[in-house]
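All remarks here apply to the structure that follows.
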């Protein structure tokens, strides 16, 4: 007997219930082939409404100018860039799950990767809106691309991290999209083959690129996945690293600190996983996918949340300590006056951030809490609020009191159109997600099937013989 | 076919070699003490103490990285490393040994001699005149330094000991699913405690105390994570070397190139991670161009340490990137031996420049003393690791994840 994979019975199954290959296909294709429920329509229309409000807010900004927002001296970056960083951060979990966990061979990723990757792509789409519309004269947005142009020898500033962002995010988006789509091809093939209507057959036929399921196709898909995973792994780090450079390369107190890159990446993964939890808890319930996104999956993701939350906490305390240790009066003003001081104008944001990001996730040290759906749902939202606070704290508290005290009394709060823009990106995000959950298999059918015979509940129960086999015989069988 | 009761016996050749290295080390120490330590020249004395310091810190941290590896994989419910787990366990027995050596050096520097040529903040007059240093004295003071160092090393040692003791339980009797689960659970608790303490020490305070405060005015928030990156990748290389050695001697029948490959992935990944931290720290300080921050790199990039500075990047980034990327290399015992030795040397050099670059700014002299003292630590490491390996079976027969580890394919 050759033994390619073996999993201890000690580990809980990754697919619950006595599923067969056919059940997997049926369960995951059901929402696509049936009519969506009432809740889906309500959710979808609300999302579209939010999106329309966002579009109107952006329209105001484009037609009447940046003055529609309350960003001004000294807070030149406000909600827009806060939201940009927040969305980019959220867009990190998908690629981490699909690329890094693939390289680490964590098979629990197979149940959640599809939805997480989709979420990544939508989040990056939302993030991209903010810098673009913040340009003011958005019709000149193409100036960011370096090409020989008719504007004289006028190139973008390659030494600017804002420029690096353009490349980092567009590369990230491209690779994530390719990765996601290449995984979808065999599943589209499955849906095409099951299609009962002509249109569906035609549409999924095009989407599946003529996938036949032949060995050759599988081989190519597998090697493509590995190459894309390899490419995507450094991208998980690079995107938020470069976003952190937007701040850290400057000499503004509270921004210029060397720990920013890894700390931003940890924070991004933290918020990304929180968003995945929020979405998947609803998705699994509404679509009845509890057998595939099990408590074990949720627990694993909660472990990632407590880990990354603690890393972020370690970074916050490091920063705070260095503000003291450096004995630099500007740093210490930024940290001990503007931020960590409860009575400063934005003290509430700092302590909100500390509570949401560092204190609250510690509850996940307890197994019971990690496996409690309500706690997880609540915490995932708390974490995302906390991560929004973090970006707001970094941007606004460092800017609102600069070196010129005469500009100090100004307190920045957003205008309705700034809020509208943010709300609009929620609309965009959820509109996309609703469409995704209707027309796409939200769980990777082919990948779940790969682990079914190793991690599926009914199959694991049949492993008794292997479990009880003496180690030497087992090793012999494994080697031959 | 491999038998389960694999029992390592320390070959006499190994005993001789480790003793020889220790003797070389002791002789170097005595010669160093006479020619430099007691020469009356402040600079020479600082060089001598600095050499002892970076070596003891470096070798202790890389041995502690072994325990970090065990705890991290335990928390992640990893199974693949079960067949090779006794190697990092054995290496981690060195933590108290090197810990005591390190503490003795610190007691001398901080409490007895108050060597201001090493730690400027020990000089009371200098601190009183310098408002920056006096502002820091709430943190940088001998009492806090010593108490924290003792706590750090002590708790690593105690928790490490508990992890090793737990590991021995898997040699005793078979476990069913329930006892297996509770066994894994108990491992997880101790591992969790270790990781938290690790974050509070190596992930933050300890490198600030021991090494960053050598430049008492300079600061970088990245410093501790950088130190962690450097020591962890070296620790993995050390595990790889022992694995290869034991395989060559015919032990560890269940371990194969798949396990080596996985360690190779760790070495590759964390070499890149180290470079990432290196780049982030360097680039941000270069870009910001604030004199208080660039002072650290000024003499390292442009002065006496220029060669070492660039060698550091070539050995620790360029080589692993180009050589370890290929799958076949990570499964090749000879090439992995070469890379592991290279990386240990490379990060030793990294620690050398971190410490000596601050102790002796205008002159970089890698001399017989550096290699002699290193040989003392290597000798001790071989001696104690091999002894620890011989104490227990090399494979814990009843570990719940043993079969997963045997069937490990990548």
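Heads up, the Cβ atoms here are built off N, Cα and C, so glycines get one too.
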The residue range that TrEMBL labels transmembrane segment, out of B:332-349, B:350-367, is B:332-349
Checking B:57-78, B:265-287, B:307-325, B:369-390 against the transmembrane segment (B:332-349) for Cβ pairs under 8 Å, the most are found for B:307-325
Relative to the transmembrane segment (B:57-78), the stretch among B:20-37, B:90-112, B:223-245, B:265-287 with the most Cβ pairs under 8 Å is B:223-245
Same chain, outside the transmembrane segment (B:223-245) by at least 6, Cβ under 8 Å from its Cβ: which residues? 58, 61-66, 68-69, 84, 87-88, 90-91, 202-208, 211-212, 252, 255, 259-260, 263-264, 266-267, 270-271, 273-274, 277-278, 281, 316, 333, 336-337, 339-341, 343-344, 347-348, 350-351, 354, 381, 385, 389
The transmembrane segment (B:90-112) and the transmembrane segment (B:369-390) contact flag, 3+ Cβ pairs under 8 angstroms: yes
Contact check, the transmembrane segment (B:191-211) vs the transmembrane segment (B:265-287), 3+ Cβ pairs under 8 Å, seq sep 6+: no
Should anything in the same chain at least six residues away from the transmembrane segment (B:307-325) have a Cβ under 8 Å from its Cβ atoms, list it; otherwise answer none. 230, 233, 264, 267-268, 271-272, 274-275, 278, 300-301, 335, 339, 342-343, 345-347, 349-350, 352-353, 357, 364, 366
Give residue numbers and ranges for long-range contacts of the transmembrane segment (B:369-390): same chain, 6 or more residues beyond its ends, CB-CB under 8 A. 7-10, 14-15, 17-29, 31-32, 36, 47-48, 51-52, 55-56, 58-59, 63, 86-87, 89-91, 93-94, 97-98, 238, 242, 246, 348, 352
